[in-house]
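Step one of this worksheet: look at the structure below.
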Amino acid sequence: MTQWYPASPALWQGRDDSIEAPDARRLFQTVTRSETFSPENWQQKIALMGFACDEGVKRNAGRPGAAGAPDALRKALANMASHQGHERLVDLGNWVAPTPDLEGAQQALRDAVSRCLRAGMRTLVLGGGHETAFGHGAGVLDVFAQESVGIINLDAHLDLRQTDRATSGTPFRQLAQLCDAQSRAFHYACFGVSRAANTQALWRETQWRNVTVVEDLDCHDALAQMTQFIDKVDKIYLTIDLDVLPVWEMPAVSAPAALGVPLIQVLRLIEPVCRSGKLQAADLVEFNPRFDEDGAAARVAARLGWQIAHWWR
């Protein structure tokens with residue numbers, strides 16, 4: 001059974017420069033840590049939550065270890081400088097899946113996300129494998145049932161696989177099927193896709209589903225496509241699979257990318273999403289601390305989370 005735990009205060013530690021000036025502060029000094037899961041107490045804030053689950057990665061024959069990512073990323077975030085927007089972060093703890101019940105874990109996340117959004121919060125989730133996306137995205141779809149929701153995925157993989165059970169490779173097929181069941185349009189864009197990592201069958205699925213696809217080779221010039229997608233929806237859920245980054249920037253994932261999209265290009269692509277006023281939910285997934293020897297990859301991932309919170313409007 002999936003369980004909730006508050007984040008350990010030991011994770012939020014860092015260098016104290018406050019003697020220099022009142023605004024010489026770091027995230028460990030400005031992030032609020034909640035001892036209870038009580039989003040109703042934090043309206044207009046950003047709910048920082050961990051989804052400590054990699055059962056979907058295991059089912060997808062990947063390299064397990066992403067269940068340890070939420071706390072590793074908190075540690076990497078803690079000592080980063082606090083700027084405008086970061087004071088809105090409230091750490092609402094981790095959803096921990098200690099058993100192979102992935103479906104139950106996804107439902108728990110779905111319910112938690114729905115509760116946060118209905119309380120007037122926005123959600124920043126630290127996965128976990130990309131199975132995080134079904135629980136997170138379903139929660140967004142549940143709350144904004146009468147509005148068009150755009151799903152923006154930065155990922156080397158389309159994650160539209162067809163299997164007999166949920167995995168880290170199926171979340172967007174699951175979300176598409178949920179949209180079908182709710183009689184609503186499925187608005188999905190995937191940036192950074194590696195043609196070498198996705199079968200022809202998956203490419204056919206994108207055509208049938210009318211998915212916006214931008215390959216890794218073309219992301220240097222994709223702002224217009226991103227803007228067009230933003231303009232056509234009411235609300236946005238942004239999910240970043242860290243394997244979209246090249247292996248030299250992000251080796252600590254289940255499936256490192258030989259080519260990938262450099263961090264600077266990823267940041268330029270997500271800035272208009274964050275500033276659009278439409279972003280309701282975002283996550284970082286697939287980070288695997290087992291393959292991060294010196295903490296450098298955690299800092300790369302943390303910079304993405306830091307930037308999202310700073311730009312979020």
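Positions of Cβ are set from backbone N, Cα and C atoms, glycine also.
Site annotation (Swiss-Prot, ligand Mn(2+) 1) includes His130, Asp155, Asp159; from Asp54, Asp234, Asp241, the additional listed residue is Asp241. Within 10 Å of the Cβ of Asp241 (Mn(2+) 1 binding site) there are 31 other Cβ atoms, across all protein chains. Neighbouring residues of the recorded Mn(2+) 1 site, listed in sequence order and excluding His130, Asp155, Asp159, Asp241, comprise Ala133, Asn153, Ala156, His157, Ser168, Gly169, Pro171, Phe172, Thr239, Asp243, Val244, Val285, Glu286 (Cβ within 8 Å of the Cβ centroid). Within its own chain, Asp243 (Mn(2+) 2 binding site) has Asp155, Ala156, His157, Met250, Val253, Ser254, Ala255, Pro256, Ala257, Gly260, Glu286 as residues 6 or more apart in sequence whose C-beta sits under 8 angstroms from its own.
All protein chains considered, the CB of His157 (Mn(2+) 2 binding site) has 25 other CB atoms within 10 Å.
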